[in-house]
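The structure appears right after this line, and notes come after that.
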């Protein structure tokens, strides 16, 4: 397996923050940090856009997936609103994370706090072909819980 290189440009408001890193040897996601000037209060059911201070150069054929951190979701009720957020390989703007507080208490995010995970994943592009009919399956049109919960 060849090594995939992720090039990162750190913006001025993130110069003192660590670069994204894996927390353990087998972590799938790189931790993204809040590049905010001062603590940010997030009220219950409020959403905020948090800068990371990073611009990524994701290799062609890959995407960045911004995912919630399980600890923030469990302990504080915070999650990534559009999870997984997609960062396309040709995007060159600052990476920002949309967080929402689904809890009943106000949450404070501190500068440098780990707020999300970034997973770099391969992308498979497809050719779109319009047809008159699609093949039948045993499942058919069943969806939205049609297979039960047990």
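Even glycines carry a Cβ here, placed using N, Cα and C.
Feature annotations, courtesy of Swiss-Prot:
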- 69, 70, 71, 82, 86, 87, 88, 96: substrate binding site (BINDING)
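In this record, substrate is bound by 69, 70, 71, 82, 86, 87, 88, 96; the longest C-alpha to C-alpha distance in that set is 26 Å. In the structure as shown, the Cβ atom of residue 82 (substrate binding site) sits within 10 Å of 12 other Cβ atoms.
There are 21 other Cβ atoms within 10 Å of the Cβ belonging to residue 69 (substrate binding site). Less than 8 angstroms from the CB of residue 86 (substrate binding site) sit 63, 64, 65, 66, each of them six or more residues away in the same chain.
In the three-state DSSP reading, residue 71 (substrate binding site) counts as helix.
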